């Protein structure tokens, strides 16, 4: 019934779970703490056989392995990150009624010693009655509570008045014992009836007045105390084993507010705990979140930037130097590698430390995911893919040298260029031989020591970085276009609609996804939400224009055959209703190296097929090269949409030339998995205010916590089902 507590950031005391509390208590007694202060006749031998004993010199691992407790100094500290302030811990023996907060340890020890000196060793009656008076019809009637044994006193869970006993008033005799403390005193009325009173002047006056009015001393200003916690600590009350760890990577601004990522990760962890208890309590697994603080250990330029900063508006300048300067550091060829190595080393350090302390994690196939925020997404991506700007620089140099061949040069310039190419070829051969020798002696180690299962980007500018590096949309819906699945199994981009730093990733894979809205993340309290993999894509609001092709429209102004037309974009968060019908008109041509030119137009009504053919006849060159196409009967079909704007490709039909089937097939290329996921805006949310606060509002979101756990637990459940199916198929007779 002794319970250990911890307190963070001067908040109320929080109890350790039963498993942790028992292990701390055993370490406390092994260190030299007296078991006489226990609330019941318990000793180290009284615990169940096989209880884990803790040597006094070793700290006790608590709270799922994230913290350790130093019993001798009564403090706790984190294992995986640095924290300047130690977390105090306390041994609770006496507790306040109602709140069950422990008394301060010094007072609790004095009360416990006085309690044992008065009641220990005395012959107490096994059964006794308690008189309770209750006014009934103006008369005072005395009731006798049912007797109970002395043994039940120590197994009592606390006195709780019910509605029927709300008006009961005890007939108090004088206190059998009293203890004077520094600012309070304690009265014992019986073994289990103990009250704490304040000795302040105001409290004394209040007690005098209320007692003259007929109220008892305890009911007027006393605080009832309980010996032993409301819930006994048991070894079964232990956390589930961790099967999935999530590294949380911060973005810019960590230098400005050191330790912020630790607080943000704690918020995300606490939110995930609530979601786990509500939706995944039946699973015997656990997801753990670990903060990755990589910025504070970097030296970078020292104080050079601070020394050149003007003194005027110094506060604003210092804020920019501590936040936005990280972006400039990362784009600098001098400091970029330092940032990359700092994050890479911290990720590997945390993973190695976790596996050392949890050897069963790898044995049971534990998985690792990464949640990155802001600039951290870009750095994490570059670490996983091994991207380096030097490679891009070499490609640009080669392109420049190739362009030199097309320009006029003198004989001397040509001779020097030939020598340059020969020297370059020779240098490349030497480099290849050198790399071959290194590979034969030293095996190349990957950047990260673990395979990334899920890469969650929050408020990420990764898409704009990739676009500036030359990444352009392709014609396949595979994630491998930007992040190979051999490196990371799943990429998910989470953003708030008004986050000014966040960008979409899907249009970098397939161009026409710029016209398809991102997937809406479910609210955490949604009843029976539709699984994300079953959600159909919905179009953004199309431009309000006619779908017919006017006479001024000519084929050279039509979209590229590999892209879809860019429509007027809606503001995120607006309704996706009243989309109307979408139609496709096909026109084909064969030009220089092009198999055909296709374009798609959306509108409220379908355009006649003849109009599309007339538009195609305006180009005489096209008719000469492919006259049969002008005779083809290509009928336009309206895309089947529901009232909510969903596209159902299974109901599409096409008649006429086989080219129409190719048109629809090329248009309906879908992503293997959706990547962009958008938070829902609040009903009374201001977009302008959200633009300021949304970039840092991801950490405590219940919606995001449910989203993360849904994908991580879903993968584990799918793997368990596959294993069960494999076992069943193996056991079935041939």
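Note that Cβ sites are derived from N, Cα and C of the backbone, with glycine treated the same way.
Annotated range for region 'Disordered' in TrEMBL, selecting from 474-504, 505-535, 536-566: 536-566. Note on TrEMBL: of 424-454, 579-609, 610-640, 641-671, the range annotated with the feature region 'Disordered' is 610-640. Mean pLDDT, taken over the domain 'DDHD' (448-714), works out to 67 on the 0 to 100 scale.
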